[in-house]
Amino acid sequence: MAKVAGFRFELKQLFHLMWPILITQFAQAGLGLIDTIMAGHLSANDLAAIAVGVGLWMPVMLLFSAIMIATTPLVAEAKGARTPEHIPVIVRQSLWVAVSLGVIAMLILQLMPFLLPILGVPESLQPKAGLFLHAIGFGMPAVTMYAALRGYSEALGYPRPVTVISLLALVVLVPLNYIFMYGIGPVPHLGSAGCGFATAILQWLMLITLASYIYRAKAYQSTQVFSHWERINLTLVKRILKLGLPIGLAVFFEVSIFSTGAIVLSPLGDTLVAAHQIAMSVTSQLFMIPMSLAIALTIRVGMYYGEKNWVSMRLVQKLGLATATFFAMCTMSLIWFARPQIVAIYTQDPAVFDIALYLLLFAMAYQLMDAWQVGAAGCLRGMQDTKGPMWITLIAYWVVAFPVGTYLARVAKMGPAGVWLGLITGLSIACVLLLMRLYRNNHKLAQQS
């Protein structure tokens, strides 16, 4: 009979996993900030070209790297089932999938410059944005393989190596950007393309560093991934893709809906778009907290799922959602009491300032729903239920949130408030449906036992 986990023990385990993951998320966001700051010192044209390139690269990168999240619940399940011999096989096959997906993503990014005229990107930006996409695309195989190894390390309960590498990447990116963007010695001035090359090189360096650490560190020796290689196992590859593709699409649906607000509002003027982007930037930073908790929940739930310890699994879920509630209340309080100070970091323009201040009230309103829905999604991934959540996110965000937000913003003349009401509606529906699905899955498992 499986031993039931204690409340304090499980809370400690969640925080042990969550905090390094949270630091990793902030460090990765810092990489984008460094690119923006250094590109801004080149020229406004270079900065705009990189912004366009990142806008196209980011969805592709998130889609393909999110597919590799499947490694996490599979490794956690094998750990919980006490079958460590299965773990290296899972990771090796995940790396085969990662290489294949990385090459596909790289080819997509090489072709993307041809879409720039179709997307209405100004001719003045097309050459530099195209070169940026060509350059950064070479890093995609490293991105997907790194995601697979990261999932393996975190699922074993070792998130700190990834955190340290992410923090080191912040330090390394500055000189890399300087060398390739501004030129030094034999390296010519490459401008925005140099930013893409620097990021791609950094991604390969991060992969090599993590792989080297996993190869050498004692903690991984019992499940040594690199002891030998093996051929592609189509059965396991299909299982990885069956689990991972819905995760990737769900992440894509969620991320893309939040990036459409600026497009919907663009005909209504720069001031509204700027205010909307400020509010969106604030919520994106705050979202890293429940997202990091959700990754920790996937690991702990996945372990108990493999162990078939349903009582402890439900305890983790309840504890995770309670923790998500606590953090949501904290972020709501932060927004309520510090709105003026937060907006002042972004702008001093009076018109933009007032609208952003108003929009942060909508951001505050959905913190709880957002925390619950991402927490429930993390639990479901741990239970290897990914197809249902994919359809839920598609319906909630693109069948409901997008049309409702567009109608309220443009037809009902509500402007950015309409977009945010649409997002709140979609998030609320996703939250309710994901929690219902989690309850249903738990009820089924309870009946089976």
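Cβ from N, Cα, C; glycine included.
Straight from Swiss-Prot, the features:
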TRANSMEM  17-39  transmembrane segment
TRANSMEM  54-76  transmembrane segment
TRANSMEM  97-119  transmembrane segment
TRANSMEM  129-151  transmembrane segment
TRANSMEM  164-186  transmembrane segment
TRANSMEM  196-215  transmembrane segment
TRANSMEM  243-265  transmembrane segment
TRANSMEM  280-302  transmembrane segment
TRANSMEM  315-337  transmembrane segment
TRANSMEM  352-369  transmembrane segment
TRANSMEM  390-412  transmembrane segment
TRANSMEM  417-439  transmembrane segment
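Here the listed stretches are 54-76, 315-337, 352-369, and the one with the most C-beta pairs under 8 angstroms to the transmembrane segment (129-151) is 54-76. Within its own chain, the transmembrane segment (352-369) is flanked in space by residues 271-272, 274-276, 278-279, 282-283, 286, 325, 328-329, 331-332, 335-336, 339-340, 342-344, 346, 416-417, 420-421, 423-424, 427-428, 430-431, which lie at least six positions past its ends and keep a Cβ under 8 Å from the stretch. Contact between the transmembrane segment (97-119) and the transmembrane segment (54-76) holds: at least three of their C-beta pairs are under 8 Å, each pair 6 or more apart in sequence.
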